[in-house]
Amino acid sequence: MTDDPAATPRPETSVNARPAFSGQAPIKAEYLINTTPIVESASASELNNIHPDDAAEGRTDSRDSRDGRDRPDNKRRKPNKQDKKDKKGQNKGRHFPVIREASVRICRAWETTGICDRADKGDCRYAHSWEGYFEVKPNDISYRPDWSLVGEAPFVVEGERVVGGEDVVGKTLDLDTVCPVLKDLGYCPFGWRCRFLGAHVKRVAAAVDGEKEKEAGPEKRMGEWQVENWVQSEVENGWKQKETNWPEHEVLNALRRSTASFPFSEAYLKKVDPDKPFTLQNKKPTKQQPHKRKNNVLDEEEAANGPTGIPSAGDDEENAMNATENERNEEKGKVYGETEAIDVPLRPEEKRRLNWEGGRYLAPLTTVGNLPFRRLCVDYGATITVSEMALAQPLVYGAKEEWALVRRHESEKMFGVQVAGGFPNRMVPAAEVIANTIGKGGGVDFVDVNMGCPIDLVFNQGAGSALMDSPGRLGKLLVGMNRALGDIPLTVKFRTGVAHGKPNAHKLIPRFVTEWGAGALTIHGRSRQQRYSKPADWEYIKTCVTALRESVADANLPPVPIFGNGDCFSAASYYEEMDRSGVDGVMVARGALIKPWIFTEIKERREWDISAVERLEGIKKFAEFGLSHWGSDTQGVNTTRRFLCEALSFQHRYIPIGLLERLPAKLNERPPAYRGRNELETLLASPFAGDWVKISEMFLGKVDEGFSFVPKHKSNAYGGEEAQG
């Protein structure tokens with residue numbers, strides 16, 4: 001018998017008889033469905049590139065012209081360097097079209113008030129009648145939270161659909177469905193557009209002649225049906241739909257038009273960078289007359305009077321220079337008149353204390369760290385959460401999409417906003433506008449500076465981990481933000497350094513606290529060059545903890561919390577890393593993406609062999625939270641579906657601990673092909689995007705035509721993800 005393992009038959013029942021592959025999870029033999037070890041061509045990225053999958057539905061020919069299979073002689077060429085590169089990394093340029101109701105789009109002004117000024121002038125392109133809308137509106141999604149979840153198909157034991165009637169409205173209704181938004185909020189702001197409409201309508205007497213006009217807009221009447229619990233929610237005391245951090249419309253308009261006032265930023269930047277004039281405009285300001293805006297940008301009333309409460313562009317400098325010292329110093333920590341003190345951080349006693357010891361900290365995560373996901377992690381036991389990374393420049397320019405990232409749910413008891421940028425002239429104004437818009441109402445407990453993001457797009461602009469090699473610029477940035485934020489603490493998240501083998505975090509840490517005023521620190525135990533390819537260096541994190549403790553003691557400062565980050569995937573690893581390094585806690589990033597219930601494990605100090613049904617319960621919660629956040633109309637349902645699939649593109653990597661030969665599980669271990677303990681567990685482990693969509697249909701109904709999903713990472717998150725530091 002030859003010694004070649006490829007040619008020698010191996011006993012199928014012996015795991016030890018199979019050669020060990022680096023990074024392969026040790027799954028018990030009885031759950032393996034293929035005794036041949038996985039090879040590169042059987043990776044998850046290959047499985048998701050099979051042509052019958054969602055991404056290839058538009059093909060008329062299943063052959064791939066790129067690899068030469070469509071050549072007449074059918075000779076496949078050898079893969080070149082570009083082919084190999086295309087099969088790994090991110091699926092860049094993903095496009096998710098906004099899917100709304102087909103054909104008919106209702107005017108929102110008419111829908112909410114019954115009045116549309118543009119319609120009277122004949123220039124509104126939207127519909128002002130519900131007639132025709134229900135001809136194309138999809139049927140209600142059938143959903144009840146009390147439906148049983150089981151481990152075998154169909155996985156969700158549904159009840160029968162109760163159709164409302166044969167009329168145009170009734171035939172779309174399911175009178176037995178439950179609206180998750182109504183269940184969560186007590187009302188539904190989506191009215192007739194809700195895809196769970198049967199949960200909040202009732203049959204009334206048919207309308208008589210002459211009452212047809214009353215069926216429009218806010219009268220909430222359509223034929224013999226009347227919608228109930230339809231409330232157009234408004235922001236009250238900073239809160240709307242159990243969420244806060246809704247900047248006022250006038251504030252965003254002022255930011256977009258560069259008419260907002262930044263008195264502290266202007267004074268500070270003039271002090272620390274006198275050679276760089278302060279401007280918020282996209283292009284250099286000229287001495288000519290102000291640019292005349294088009295009528296469709298600024299309505300007549302605002303053009304005449306200016307946005308309420310926001311100084312006009314011409315008043316900014318005069319107001320900043322002429323305000324009395326008392327007026328300028330009204331907000332704590334913002335010293336506009338005392339220029340000799342403006343470039344030093346506030347004293348620790350002037351800031352709120354961050355008592356984070358033992359806190360369960362969810363990392364800021366691009367795309368997948370959205371509000372519904374954070375809410376799910378809080379439900380599992382997370383106590384500290386941070387927004388997705390927001391870029392400083394779009395915040396200062398009033399970009400609606402960027403401000404949506406800082407939204408906070410009422411369940412997030414300790415919440416921070418993470419900001420990325422490379423220069424003081426953007427980061428300091430961003431801190432000032434955050435403090436003035438959402439900081440006053442308690443919408444943010446701390447602001448975190450991203451100093452760890454490794455991606456080229458951020459790094460090449462001097463932001464993220466690039467800041468670690470520019471301590472002079474970094475110091476100006478942090479001190480300015482520290483003062484602009486007033487009593488709101490400033491925290492930093494950073495890596496060991498930029499280049500592998502040349503760490504410099506231990507040199508910066510004493511300055512973070514004693515010179516620049518950071519209120520808490522988080523260190524990711526890898527360099528920018530390493531990304532996520534090597535294990536986190538917890539010995540170096542221990543060195544950094546020692547450097548912090550010594551510098552704080554020497555300066556006679558109160559304790560400053562420091563968290564470690566890297567490879568935490570179980571309660572055992574969490575407490576082992578804490579004990580080994582001396583950190584106050586461990587920030588959880590990828591581990592939470594793959595198993596959000598890790599926070600329950602940490603809280604209860606146990607390894608949870610979670611069942612497939614319990615995992616499906618978590619997926620159902622995410623769907624409910626997503627509908628409350630993004631909406632229960634067609635557009636909201638599809639947005640929720642998209643982000644649910646994003647979550648499943650990570651969660652499918654979880655290997656049930658009951659299937660493993662050893663514990664704890666390791667974050668970067670890939671499983672060979674295996675089956676679960678029941679049919680549902682096998683489905684939840686599927687690397688196919690089509691199966692993730694199938695899982696979403698259990699709670700969000702059948703997919704609409706035109707919906708498709710392409711995972712963000714070709715390797716389905718096996719070490720290739722880009723996170724915010």
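Cβ coordinates are placed from backbone N, Cα and C, and glycine is handled just like the others.
Looking at 1-26, 235-260, 339-364, the stretch flagged in Swiss-Prot as region 'Disordered' turns out to be 1-26.
Record note: Swiss-Prot gives Pro364, Leu365, Thr366, Lys493, His524, Asn565, Gly566, Asp567, Ala589, Arg590 as FMN-binding, and the candidate from Gln418, Gln635, Gln651 in that site is Gln418. Here the Cβ of Asn565 (FMN binding site) has 28 other Cβ atoms within 10 Å, regardless of which shown protein chain they belong to. Taken together, the residues in the zinc finger (178-203) have a mean pLDDT of 94 on the 0 to 100 scale.
Look at Lys493 (FMN binding site): DSSP puts it in a strand. Across the structure, Asp567 (FMN binding site) and Cys453 (active site, proton donor) are spaced 16 Å apart at their Cα atoms. Note on the recorded positions Pro364, Thr366, Cys453, Arg590: the fewest other CB atoms within 10 A surround the CB of Thr366. Take the binding-site residues Lys493, Asp567: by the count of other Cβ atoms within 10 Å of each Cβ, the lowest one is Asp567. The separation of Pro364 (FMN binding site) from Cys453 (active site, proton donor), Cα to Cα, is 11 Å.
According to DSSP, Arg590 (FMN binding site) is assigned to a helical segment.
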